[in-house]
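Peer 1: The signal peptide annotation in Swiss-Prot covers 1-23. Annotation comment: Swiss-Prot describes 25-36, 53-142, 119-134 as disulfide bond, evidence class sequence analysis. Swiss-Prot lists 32-143 with the feature domain 'C-type lectin'.
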């Protein structure tokens, strides 16, 4: 267990050192590849979390993940900060379409499904995507353009 925490912390340090401390992000947010991220330890429903993110920063949404590297970053940050099994992401199914769409309007390109559903969270420990009823409460990560 100690080795896992040490390695996870090491990965977090590497990600943060690569991202720098860019001035484009609000205080308590961190910069990574042109976006600002912040983990919130305030359990909310998926819809309330998305609304909250949109109120925190211009262009803010629940986090969208577009690569394995970004998924790893989000998983490590969420687990290191929250140690929560439920961390909402901005992925949901639009009722009148058959396509999965991120809350920022981007189409799904990278996938890491554990199972199918309507609102998706990332398991912070295993970094897998799972589904839950959207009415459940979970912690969340917000993302906005830098």
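Every residue, even glycine, has its Cβ placed from backbone N, Cα and C.
Remember, predicted model here, so these are calculated numbers, not experimental data.
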Peer 1: Considering Cα atoms only, can you say which of 25, 36, 142 is the nearest neighbour of residue 134 (disulfide bond) among these disulfide-bonded residues?
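Peer 2: Result: the closest of the disulfide-bonded residues to residue 134 (disulfide bond) is 142.
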Peer 1: Including all protein chains displayed, how many Cβ atoms other than that of residue 36 (disulfide bond) lie within 10 Å of its Cβ?
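Peer 2: That number is 24.
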Peer 1: Whose Cβ, among the disulfide-bonded residues 53, 119, 134, has more other Cβ atoms within 10 Å than any of the rest?
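Peer 2: Its Cβ has the most other Cβ atoms within 10 Å: 53.
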Peer 1: If you average pLDDT over the domain 'C-type lectin' (32-143), what do you get?
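Peer 2: Averaging the confidence scores along the domain 'C-type lectin' (32-143) gives 85.
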Peer 1: Expressed to the nearest Å, what is the distance separating residue 142 (disulfide bond) and residue 25 (disulfide bond) at their Cα atoms?
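Peer 2: Distance (Cα to Cα, whole Å): 12 Å.
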Peer 1: Count, for each of the disulfide-bonded residues 25, 142, the other C-beta atoms lying within 10 angstroms of its own C-beta, and report the residue with the smallest count.
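Peer 2: Least crowded of the disulfide-bonded residues 25, 142, by Cβ count within 10 Å, is 25.
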Peer 1: Whole-number Å only: compute the distance from the Cα of residue 119 (disulfide bond) to the Cα of residue 53 (disulfide bond).
Peer 2: 16
Peer 1: Can you see whether DSSP assigns residue 142 (disulfide bond) to helix, strand or coil?
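Peer 2: Strand, per DSSP.
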Peer 1: Provide, as an integer number of angstrom, the distance between the C-alpha atoms of residue 53 (disulfide bond) and residue 25 (disulfide bond).
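Peer 2: Counting only the Cα atoms, the answer is 14 Å.
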